[in-house]
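First the structure, in the form of structure tokens, and then the observations on it.
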Ligand SMILES: Cc1cc2nc3c(=O)[nH]c(=O)nc-3n(C[C@H](O)[C@H](O)[C@H](O)COP(=O)(O)OP(=O)(O)OC[C@H]3O[C@@H](n4cnc5c(N)ncnc54)[C@H](O)[C@@H]3O)c2cc1C
Ligand code: SF4
């Protein structure tokens, strides 16, 4: 066809964040303009490099950080060549050459080869066990090393080094951060901020060797330690070099482009050769090489427009900001950060709250800032720095927290092309257009429509300002900020629950109809939530709505990444019998399960079961469901206790089994875990459970709100009780109070932080009448629960509809 | 209609499908997820998530003519299998018709 022959050839070298972001922007502007080929050395589609820190600490998988799937390339007609390294561009014959000898002609070519870790040229740097931290392969090396070795050293106390160190620490390694100067992150923080950061990280378990210059790596073939220039040494079986990055300019040099530190580009990302561009970390613009993503989005936007013949303002450089992605450490820095004679400094240091805030002014304009311990104003501060806003009383009050004054709206000053949401690359114009075109009135609607604020949420305040600015008089601040339970309604959890109670609504359909949902059948957020609230409010009347359950709860089994399921039978208190073990083993063999796993909750998980086999396995097991999939009581972990343990003062197994039998099956706002211990040695780990019970001579201690997951939190002591009856009553009252006031999916750890321990103690412990009322409502709820596996087995229609596939041989008429 | 290229096969009675709960149907080597909406319309999509993490679609939550992907929570239009903004992607959709209470799915032999 004609259209294809007239298309120009665009070749992108580097399948990373800058290259693919530019391609995305080109596709938005003019999808038919180029026939696109992308070369990438790594064997993956484009992924979010920033989030490698999360992969390292295992809070995300590699799949979860993929930004553009294989299909995305296919659907956009992009010829993707992964695992292929480009060696040079021949600017005379206008061709790109690869390592394996492929030659591809181009009309335009973009170099987006990123950076490489700076490997310090120190004797011994070539030993085994010394790596950089840049890509998935590095991350995998580190994950592997953490399994084999204990002592790690990270060279470099900047953002990357600290994130690497924290990740290795989380993997169980003993980690020391080695840093050349005394202050960590000295290129972003002043001394005060840096010392606070170090203290916080030390309390999390990291060790530091600051003011040390590494002179040599010790060991034979493999590294065993470091020797510093002062003669001291440090033992290390594994070393991560995070001392900096170096623009990857190999292709640029081999192609004869002008290269300084990076490939030199002008304000339209043009290199020294015609039709050859460079974008991202490999480039050097006005003498600056960047090492963060925000600039590359801005560069990509200018380059995409330039390549599509759309008029654009030149790229004039970026103000960068740094935010550390380590949980429990709020550190932000942007623009200038060091005191200087020509600067005025607004400073607040609260040593008790461990908060430090500093804003730097030049001629009354905000040119930089540092926040430690309280990053709430980070997004706004960054925006004020970018736009060089003049300091006002309102801004001062907003940042320093001296008054609850509303700061003036600076959204008006933001240029249209400014990237508001760095994570998703959404510009101000994109948001303004979405508001105007679709009549949006809330931040949540903007999130749903444009993706802005969907990932880290840092830009939410700015999005809100843009909304206010765009709507003018029509802006309703309370309504816009209020977070409805989902995009289908502006009502909050409490308003929805009150509505259900007052109006006597019995089904989700009625709720959505009467309470005026925007979306007649709701969404994946409100449907499961409403099903829970209805069941909590009307335990006897409510009919469970299976179509509103998430897959695991609908199937009563845990779906795995390959579409098979895991089956976990109940094992009360983690106690079993030889007969039950034998039965489980026989069933596992009969159904050829792929793996048998002892879970963290003291029971057995049969993994790799097909959907159709689920009811058969349950039938053969004849055991109740362990609810390993549910927003309900999962397990009661117990220690051996007084029945066998010589330290035990209380029968922890007996109490654990009693509690598990009593409270199993009941729907809760989120998953719920218990532990019971026979003495304060706490072998069953009470401090990370929703309720952790510790036996003492003559008393039980009850701890609540603990969590050992992604956001860990130690449990608080709720109270001590003398008798078993009191214990059961307090547990019942606590669980019911949480059921009645918790938001759907809110764990007790978040709930307690929100409502305050004092209010829970008052409702559950101090007000005995209320406690009894709560416990009574709990009994009503418990009287309604049914064993789900048995229910499926007893109902052949349900069994057929939910679990069996329909097979149609082809050729049937 | 281009019915000449498409062959319809019966996969069951209307009553074999619950409203808003998907069911897996295999026709030859192809695995489909078949949905019945509240309005009584039937739709069939290839049972494969368009999202970055893979997985299947049959167990997603159905709202009107939109399916929420059970793995990545993207929204997928049941009529044409197109992923709705702000995400992008495409799932293969198959034509479905109901004749005399029998649900029939059209697939092209190619
Ligand atoms: C662990 C970690 C955490 C980070 N955290 C943050 C953060 O919190 N905030 C922030 O703003 N930034 C952060 N960054 C920096 C951010 O990831 C980079 O700024 C960004 O990825 C740069 O994009 P790029 O496209 O220029 O380079 P890259 O994303 O590195 O892409 C370059 C790609 O080109 C490929 N390539 C190189 N040479 C060739 C060749 N000759 N042929 C073919 N392909 C080639 C490379 O393999 C690579 O895949 C972090 C980086 C790391 C490693
Ligand atoms: S917690 Fe106390 S009673 Fe329980 S096993 Fe440990 S030492 Fe024994």
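Positions of Cβ are set from backbone N, Cα and C atoms, glycine also.
Unlike curated records, TrEMBL annotations are generated automatically.
Summarising the annotation, TrEMBL assigns domain 'FAD/NAD(P)-binding' to A:9-283.
Marked as domain 'NADH-rubredoxin oxidoreductase C-terminal' by TrEMBL: A:321-388.
According to TrEMBL, the feature domain 'BFD-like [2Fe-2S]-binding' maps to A:419-468 (among others).
Taken as a whole, the domain 'BFD-like [2Fe-2S]-binding' (A:485-534) shows an average pLDDT of 89 in this prediction. Look at TrEMBL and you will find A:485-534 (among others) tagged as domain 'BFD-like [2Fe-2S]-binding'.
Under the heading domain 'Nitrite/Sulfite reductase ferredoxin-like', TrEMBL lists A:560-621.
For A:630-770, the entry in TrEMBL reads domain 'Nitrite/sulphite reductase 4Fe-4S'.
All protein chains included, residue A:679 ([4Fe-4S] cluster binding site) registers 20 other Cβ atoms within 10 Å of its own Cβ. Look at TrEMBL and you will find A:639, A:645, A:679, A:683 tagged as [4Fe-4S] cluster binding site.
Sequence-distant neighbours of residue A:683 ([4Fe-4S] cluster binding site): residues of the same chain at least 6 apart with a C-beta under 8 Å from its C-beta are A:639, A:640, A:677. Under DSSP, residue A:683 ([4Fe-4S] cluster binding site) is assigned to coil, being neither helix nor strand in the three-state scheme. If you look up TrEMBL, you'll see A:683 marked as siroheme binding site.
The domain 'FAD/NAD(P)-binding' (A:9-283) shares the most Cβ pairs under 8 Å with A:321-388, out of the stretches A:321-388, A:419-468, A:485-534, A:560-621, A:630-770. In this structure, the binding-site residues A:639, A:645 were compared by how many other Cβ atoms lie within 10 Å of their Cβ, and the smallest count belongs to A:645. Just going by CB pairs under 8 A, the stretch in A:321-388, A:419-468, A:560-621 that sits most against the domain 'Nitrite/sulphite reductase 4Fe-4S' (A:630-770) is A:560-621. Within 8 Å of the centroid of the Cβ atoms of A:639, A:645, A:679, A:683, where the record puts [4Fe-4S] cluster, the same chain has further Cβ atoms from A:640, A:641, A:647, A:648, A:652, A:677, A:678, A:681, A:682, A:684. Secondary structure counts, DSSP: the domain 'Nitrite/Sulfite reductase ferredoxin-like' (A:560-621) has 27 helix, 14 strand, 21 coil.
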